[in-house]
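Chemist: The structure's right below; bear with me while I get my questions together.
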Amino acid sequence: MPEPDARLTAWVHGHVQGVGFRWWTRCRALELGLTGYAANQPDGRVLVVAQGPRPAGEKLLELLRGGTTWPSRPGRVDKVVADWSAPQERFEGFVER
């Protein structure tokens, strides 16, 4: 029986604005079949909200934290703070906000 969908909420700290990080995150999330968004925050972080199968969310989190990818992750990630919950709303696709 497949696992229920999960919601990953991740706050990405570092030099992650103005470097293509949200675009890169969107591409990886779509490749993994996730829905949600990546949004710049006023304090310089990027907020990533991704919903879908938990294993896909775990893979995205690994990539956000520095897992090997091609193309390589833009910017510099110092820390990722993540939280898991049940999906709270329905998203169409994955967008940059």
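Cβ coordinates are placed from backbone N, Cα and C, and glycine is handled just like the others.
Below, the features straight out of Swiss-Prot:
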- R22: active site (ACT_SITE)
- N40: active site (ACT_SITE)
- 7-97: domain 'Acylphosphatase-like' (DOMAIN)
Chemist: Determine the Cβ neighbour count for N40 (active site): the number of other Cβ atoms within 10 Å of its Cβ.
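Modeler: I count 16 other Cβ atoms within 10 Å of it.
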Chemist: Quick one: mean pLDDT on the domain 'Acylphosphatase-like' (7-97)?
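Modeler: Here the predicted model's pLDDT, averaged over the domain 'Acylphosphatase-like' (7-97), is 95.
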Chemist: Going by DSSP, how much of the domain 'Acylphosphatase-like' (7-97) is helix, how much is strand and how much is coil, in residues?
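Modeler: Once the DSSP states are binned, the domain 'Acylphosphatase-like' (7-97) shows 23 helix, 36 strand, 32 coil.
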Chemist: What is the separation, in Å, between the Cα atoms of R22 (active site) and N40 (active site)?
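Modeler: Each residue's Cα considered, R22 (active site) and N40 (active site) end up 8 Å apart.
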